[in-house]
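As annotated by TrEMBL, active site applies to D49, D376. The UDP-alpha-D-glucose binding site feature in TrEMBL is assigned to E19, D49. Annotated Mn(2+) binding site per TrEMBL: K185, D209, in sequence order. Here TrEMBL flags 525-544, 582-605, 617-634 as transmembrane segment.
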Amino acid sequence: MEELPAVDMFVTTADPALEPPLITVNTVLSLLALDYPDVGRLACYVSDDGCSPVTCYALREAAKFAGLWVPFCKRHDVGVRAPFMYFSSAPEVGNGTVDHEFLESWALMKSQYEKLARRIENADEGTIMRDGGDEFAEFIDAERGNHPTIVKVLWDNSKSKAGEEFPHLVYLSREKSPRHRHNFKAGAMNVLTRVSAVMTNAPIMLNVDCDMFANNPQVALHAMCLLLGFDDEIHSGFVQAPQKFYGGLKDDPFGNQMQVITKKIGGGLAGIQGMFYGGTGCFHRRKVIYGVPPPDTVKHEMKGSPSYKELQAKFGSSKELIESSRNIISGDLLARPTVDLSSRVEMAKQVGDCNYEAGTCWGQEIGWVYGSMTEDILTGLRIHAAGWESALLDTEPPAFLGCAPTGGPASLTQFKRWATGLLEILISQNSPILGTIFRRLQLRQCLAYLIVEAWPVRAPFELCYALLGPFCLLTNQSFLPTASDEGFRIPAALFLTYHIYHLMEYKECGLSVRAWWNNHRMQRITSASAWLLAFLTVILKTLGLSETVFEVTRKESSTSSDGGAGTDEADPGLFTFDSAPVFIPVTVLSMLNIVALAVAAWRAVVGAAAGVHGGPGIGEFVCCGWIVLCFWPFVRGLVSRGKYGIPWSVRVKAGLIVAAFVHICTRN
């Protein structure tokens, strides 16, 4: 096999409470065990924005376990190399013959993993700091939002024995200070890019979230086919694997498994400028991240090597970073990575300082782009606008698998963060509309970006439509033709056509009617809650009245050897609630439509008895009834208790808003 370029693999985690270290460890172990001709060309960097000694301890223990796990995977050609997933089922025995040596090795490895899992799950900061010695001294007095850069080489590949090699493993917690903006995940990714540049400087970079393990051990080889296989590298500025999930709840009750979007929209995008950058499961060319344009026209070709001063103005003052960036821009894909990592730790700490980016192009022309909660979409948009295309890596088995959030709070928090970031992009100077007019973003790719970036803009309009039905029922008016009117066929036909078309899409993707209904229902809930709050958040930010806050989504996943979805709930598909403001709008609409239906039904019965006709028709009743069905989890939450019930603080606030709306509608 021809020599392949080096790959730096990035794993990001932000909060050890919401993203348990054992989840991160399984992702790291799956990356360390990837198939690659020369594992000395692979390096794994873990960014810990929580500055947690528990996470660092867990990764140190994982490095020790990797010395057993990686050779075991290679020796027995293990298919899934995240230990928790591999050990969740019995060992496979081929051709009906029992390999006793393999079974003994399998049992021993499972026992070692269970010991590792117990050590990590039982670890606490106090014990680690007390017994860890000098190795954890840097965490003393370190606060999550105020600490210097911490870089630790947990494993150096040069120490590996013959036949037992696995990639470098480096722990990183970038410097934090209350006086500096940290730019959420984009800032962490840029520090990872700089630190890896001065340590190994691989021309290819893979980034995954801490819960997105490598499900296909040959994923790096598949990616190389796309990165190196085109006649012109412009067609593979980055290679994105679709997000897929393990242990997904049946029929997708929270509407976040994105199966139809991935198949329908993802496949279509592959025929334009390529798949959106999804923030995880993506292979990047380092030079593309550095802002190098595609050499497809004379106008955009690099003419000579940039000068030292030009590189310093863009990349900052680090001589090592400037030299490494010069090597990347020159296009040398097969340069050997640095061997002695320990000698580069101090250089790595320098480029990890929170004031390093001052006066440079980081976060603008270079690296992950700042200015949005969805730094992934924004960075991918910048790459596409420069003229690059992206490739879709859709392998079988899937390249990466992650865990989709369950429950109401986690799901709506994720949707709100996405919607906030998308709207920030839409109204900024990085808008795809401007990218098409002034840069090289194709018109159809622009329209594709607008499909998703306009999600939160729909919220106020959908809210108005959701209020129109109950308003008509409460005021004894109508806005739709009556059933006896020929015009009634038009809205009825639109309603049926829309839903039948979407139902057919779900059936084409092999999904059930229940899955279609769950996703439709969650879209209505999300629009009236997460998207609406995201819309208001961005408006307040634009007016200078508020700042956006990055909210980490809780990762709920079993990482013990029994696998599974990792929940003790009797029915994990049931909607759960808390007192967050995101639940108030939908609770208001649920209560309001129930009240409106009750008032209108009573009025219809009394009116029929008195021989009075007119007022709202069947269309208004159907509208309100449909909304009640879509919001049924909230209707059930009004009469449930515990975490399945809507908290009284939310009910009271919603009740006051409903009372005010009813009063306004009926005061005349």
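Every residue gets a Cβ built from N, Cα and C, even glycine.
Cα spacing between D376 (active site) and K185 (Mn(2+) binding site): 9 Å, rounded to the nearest whole number. Ranking the binding-site residues E19, K185 by other CB atoms within 10 A of the CB puts K185 at the bottom.
Relative to D49 (active site), the binding-site residues with Cα atoms inside 10 Å are K185, the candidates having been E19, K185, D209.
Around D209 (Mn(2+) binding site), the C-beta neighbours below 8 angstroms that are at least 6 residues distant in the chain are V11, T12, T27, G279, T280, G402.
Across the structure, K185 (Mn(2+) binding site) and E19 (UDP-alpha-D-glucose binding site) place their CA atoms 14 angstrom apart.
D376 (active site): 24 other CB atoms within 10 A of its CB, across all protein chains. Residue density at D49 (active site): 25 other Cβ atoms are found within 10 A of its Cβ, drawing on all protein chains shown.
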